[in-house]
Amino acid sequence: MHKSITTPIMQLSTRSSTAWIDGVRGFAAVIVVIGHVFYSQIGFRFQGFHTHPININSSILQLPPFHIIIASHAMVPLFFVISGYCLSLSFIRRRQNNPHDLSALLEIISSAAFRRGIRLFVPVAVMAVVAQAVLYFGGYCWEWRDNPRAAALVKDSNSNPIQTPLIHHIFFLSDYFSSVVAAIIYGFKAPPASGLNPALWTIPAEFRGSFLVYICLIGLARVREAPRLWILAFIAVLLLGEGTWDLFTFIGGLLIAELQQKLSPEHNTTEKIAASSSADCHSNTEMNRKYSVKLMMLSFLTLGLYLLCMPDADGAREYGPVYAILQPLTPEKWRKSWAVTENWRSIGAVGFTTALCFEPSFQRPFNSRAGQYFGKISFTLYLVHQLIARVFLLRLGKLSWLLGGTRGHTFLLYPLIVLMVLFSFWTSSLLVRFLDRWPVSLAKRVERCLLR
């Protein structure tokens, strides 16, 4: 019998206990696509429920947990927490299995750090060149209101189409690569990247956060377990207090991995053997403990979803009555850096990931066939979706007006956009091998060539 797409993947084949992570990344990537593609149609719904004007801001999509469907901005901190968790988990396990073989741990971290840049930036460079070629040959159909330098390459001062010399496109591409380097060095203090795929601003932030994780793993490798956890928690609190939400999320992921490994059954084998003789006496206590943990993780999941669904601020920097409780709790530093929502969402991402890590029943949707499929294409989908949208979205709008006229264009537009999203999924599936797997193998080959 044909199995449903929502059938847990663990029932279909033997999978890693961390397969749910791919599902989280996959669904997060889909949410990013939905947010970017439908923003021009439902942009006001990114604001808070019952913010002014109330008669417009009264959609169920503005309420948690429904807002998560379009909460594309909240997926960035979730990506970062998951990255911090994944980057550190294998090193933590190896350190636990061989606590005295720190030289091997250093070798593994050195290898991962070397390959990280190639893994992240080769796909970005490929997409930048492809996007520039599409622009040069007139493939884009976009207004470029947010990028006047790109607009100047395709239109004159009177908005008439022009064909600028190839050298101008090369200079534009060079400036984009320079802005990526600046973002790596200066973080959010650097000017915004000036390329054709603005969603890829996250890649330099991912690189910075990854190296913070590597530094912490190396620096705390010899520290005893309890002090190490306290030090990481202290670093996380400092980063969050300063409003550096991007780095906080990576440390949050690292801290979750440390806690999970500390509380894992393998870590407590001795205690379990000692207690096995009195298992019957403590069975009720164990059941109560599991129930308490599940209840705690449910509260983490609920709080995480609530914060991940935090809307964008309106013109008056308000979030609506649903999130009014957070206003007096918001540090002034967050307000000054215009990163209130990012910091709250980062806390939500840490809470949400914690719940998934410690309660396997919450992982089931992400272990489904759909979750694993989207996880497989998540990175590629994130890379290509914006280019596809900027090539086709406005053309589909014009087509819907042409075919449907004044009355029917809306009914035609949404199905056409859905078809474009499905096309993005299909394209991503085709390009996984080139944009995702090939950079990984390339990084390994380069490393082997340069090894001493």
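Don't overthink the numbers, they just go from 1 along the chain as shown.
Heads up, the Cβ atoms here are built off N, Cα and C, so glycines get one too.
According to TrEMBL, the protein carries these features:
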| type | residues | note |
| --- | --- | --- |
| DOMAIN | 19-425 | domain 'Acyltransferase 3' |
| TRANSMEM | 20-39 | transmembrane segment |
| TRANSMEM | 66-87 | transmembrane segment |
| TRANSMEM | 120-139 | transmembrane segment |
| TRANSMEM | 166-188 | transmembrane segment |
| TRANSMEM | 229-257 | transmembrane segment |
| TRANSMEM | 295-313 | transmembrane segment |
| TRANSMEM | 374-393 | transmembrane segment |
| TRANSMEM | 413-435 | transmembrane segment |
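Of the two recorded stretches, the transmembrane segment (229-257) lies close to the transmembrane segment (66-87), with three or more CB pairs under 8 Å once pairs fewer than 6 apart in sequence are set aside. If one looks beyond the transmembrane segment (166-188) by at least 6 residues along the same chain, the residues whose Cβ comes under 8 Å of a Cβ in the stretch are 121, 124-125, 128-129, 132, 135-136, 149-150, 153, 194-196, 201, 203-205, 207-208, 244, 246. Using a Cβ-Cβ cut-off under 8 Å and counting only residues 6 or more beyond its ends in the same chain, the transmembrane segment (20-39) has close neighbours at 46, 68-73, 75, 78-79, 82, 85-86, 199, 353, 356, 363, 365-368, 370-379, 381-382, 385-386, 389, 393, 417, 420-421, 424.
Long-range contacts of the transmembrane segment (374-393) within its own chain (CB-CB distance under 8 A, at least 6 residues past either end) are made by residues 19, 21-30, 32-33, 36-37, 40, 123-124, 127, 130-131, 134, 139-142, 196-200, 366, 417, 420, 423-425, 427-429, 431-432, 435-436. 413-435 is the stretch from 66-87, 295-313, 413-435 with the greatest number of Cβ pairs below 8 Å to the transmembrane segment (120-139). Counting only same-chain residues 6+ beyond the ends of the transmembrane segment (413-435), those with a CB under 8 A from a CB of the stretch are 33-34, 37-38, 41, 123, 126-127, 376-377, 379-381, 383-385, 388-389, 392-393, 396-397, 399-400, 404.
Computed over the domain 'Acyltransferase 3' (19-425), the whole-number mean pLDDT of the model equals 91.
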